[in-house]
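Everything below concerns the one structure shown next.
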Amino acid sequence: MSKTRQNQRRPVRMERGSDAPGQWTVSRGLMAHATQVLAAVLSFEHPADAVLSRYFREHREIGHRDRGFIAEAVYGIVRRLRWVARLAGVKPLPRDLLLAWLARGEGWSSKQFEGLVSAAEFRWLEEVRAKRFEPAGLGEALDLPDWLTVRLSAEYGDDALQALANGFNRSAPLDLRANLLKINRDTLLQEFVSSGVEASPCRYSPCGVRLAGKPALQKHPLFINGSFEVQDEGSQLLGYLVQPRRGELVVDFCAGAGGKTLQLGAMMRSTGRLYAFDVSERRLAKLKPRMARAGLSNVHPVLIAHERDAKVKRLAGKADRVLVDAPCSGLGTLRRNPDLKWRQSPESVAEMTLKQQAILDAAANLVKPGGRLVYATCSLLADENEAVVDAFVASHPDFELMSAQAVLAEQGVALDCGERLRLLPHVHDTDGFFAAVLERKRDGG
Ligand SMILES: C[S@@+](CC[C@H](N)C(=O)[O-])C[C@H]1O[C@@H](n2cnc3c(N)ncnc32)[C@H](O)[C@@H]1O
């Protein structure tokens, strides 16, 4: 095959995905890159987004549009892996999966494959195109692993699970949180509209803005001056459950890069003390420039070795509010991280549950009488959610559950969620979240 022929680029229509520019031009070289990235992602050793970022860092010659093609294909395949694998036959190689995806997932015609595949592949693609898919069970039909299908179906029922799985296959919207220290939401919306960015208020979160597309925002003047942060609406609602006030001592126990810390700091009007704990130095390092941009001077990032660290114990009984945004399976974020469904297992969830209990126990010690403890995850599994909270309440008679719905209503958020908040992509159009609000009794229970 001559080099010119190998690099021949074929115009291909793409219908789906926010980045889809309408027409990709695809070369053999680009197909090879996509196959290589796919193989690395499918080892499931690292998160898909980390694999893609690393590959693009190492292959700077791949342009923006070609990156879009690779990312669309890889994420498309990971979302529908069982389906594509069945269409591609027994023990398919990454290239087989890619070709089968392009033929069936993206609907490429045979003409669009000309110059990109061998004669044998060309014939094989005809078979793939003609193949009927008869799922062997619900897991295969919904493109979920069987263990997860069994658990979710027991929790939600088959019909809701179907809707949930469909919800996960839609792309997540881009939500922003107006930094109320710097701007009010209406002004932010007006600024977007006048700069040609289509934006509307979020359905529930009073500081949330939803964008119609996915414009690059890193260089937007309102981002640079700290007027907004990217934050899923569901995540914003967790901040409202904490409801911190001016001058309080607040702990964000699992702060990570500070998605919720920044919101809590703004709700405190940059007063009081807000401790941002985490065991990850790398994540906390990302929080620091964000605090500066947001204009917050009340945040104290603290690297801890584990939840029983002496730095934690020093605050025993002193905190007005503690948020535990616990490490979890992340299964509520499958719209953004579809690979998680293949990377998690019953064993990893069981391990996570023990960690969650240990963190919640340690964090509870910080809450003063009359203070509030919020436990949250972005998981959909009762084992990581209700079961952790139930076990906690049973062993901590000095804490009682508050109604999440009432806490939200007090702040003007109308959400019919009852005692515990459960957000679902297909119902609320947010990531999947769980949260429970607990109060430490004043008389010690
Ligand atoms: C769900 S993420 C937090 C996301 C963050 N709150 C946000 O809004 O962006 C969970 C975090 O818990 C941290 N973590 C894990 N084990 C921990 C522990 N024992 N104590 C405190 N944080 C821990 C992880 O490093 C991770 O950053």
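Note: Cβ is positioned from N, Cα and C throughout, glycine not excepted.
What TrEMBL records for this protein:
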- 1-11: compositional bias 'Basic residues' (COMPBIAS)
- 1-21: region 'Disordered' (REGION)
- 164-441: domain 'SAM-dependent MTase RsmB/NOP-type' (DOMAIN)
- ASP278, ASP325: S-adenosyl-L-methionine binding site (BINDING)
- CYS378: active site, nucleophile (ACT_SITE)
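Structure coloured by features recorded in TrEMBL.
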residue: ASP278; record: S-adenosyl-L-methionine binding site; DSSP (3 states): strand
residue: ASP325; record: S-adenosyl-L-methionine binding site; DSSP (3 states): strand
residue: CYS378; record: active site, nucleophile; DSSP (3 states): coil
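Of all the Cβ atoms in the protein chains shown, 29 others lie within 10 Å of the Cβ of the residue listed as 'active site, nucleophile'. Each of the binding-site residues ASP278, ASP325 was scored by how many other Cβ atoms lie within 10 Å of its Cβ, and the smallest score goes to ASP278. The distance from the Cα of ASP278 (S-adenosyl-L-methionine binding site) to the Cα of the residue listed as 'active site, nucleophile' comes to 17 Å. For the domain 'SAM-dependent MTase RsmB/NOP-type' (164-441), the model's pLDDT averages out at 97.
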